[in-house]
Amino acid sequence: MKAQIFVVVLGLAALSVLCYGSEADESALHEEIFQLLAASDEVPKPQERDCVRFWGKCSQTSDCCPHLACKSKWPRNICVWDGSVGK
């Protein structure tokens, strides 16, 4: 009888140690995920373009990229294709 109780207590102790180790690994995983998310916030911001792309807001044709022209469309002026082709 004493041997059975000893085996049960020993089994519970082993289970407790295994659960604690698993919990420590999970905590480390949470920390690693948090660090990755923090690093993703440091992504560089897109740089401002030197020309306005298709459907972009413009004030004159020189603002638009090649083959685009600034046209007055409601509710604002936008860059649209000027009909030209080529490089």
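Quick reminder: no glycine exception, Cβ is built from N, Cα and C everywhere.
Look at Swiss-Prot and you will find 1-24 tagged as signal peptide, backed by sequence analysis. Annotation source Swiss-Prot lists disulfide bond at C51-C65, C58-C70, C64-C79. The valine amide feature in Swiss-Prot is assigned to V85; the stated evidence is experimental evidence.
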### Task
Only counting partners 6 or more residues apart, tell me which same-chain residues put their Cβ under 8 Å from the Cβ of C79 (disulfide bond).
V52, R53, F54, W55, G56, C58, D63, C64, C65, L68, A69, C70, K71
### Query
How big is the Cα-to-Cα gap, in Å, between V85 (valine amide) and C51 (disulfide bond)?
18
### Greatest C-beta neighbour count within 10 angstroms, which of the recorded positions C65, C70, V85
C70
### Query
For the signal peptide (1-24), what are the same-chain contacts with Cβ under 8 Å, counting residues 6+ beyond its ends?
none
### Task
Could you tally the C-beta atoms, other than its own, that fall within 10 angstroms of the C-beta of C64 (disulfide bond)?
23
### Query
If you skip the near sequence neighbours and keep only those at least six away, which residues in the chain come within under 8 angstroms of C51 (disulfide bond), Cβ to Cβ?
D63, C64, C65, P66
#### Entry: Count of other CB atoms lying within 10 Å of the CB belonging to C58 (disulfide bond)
22
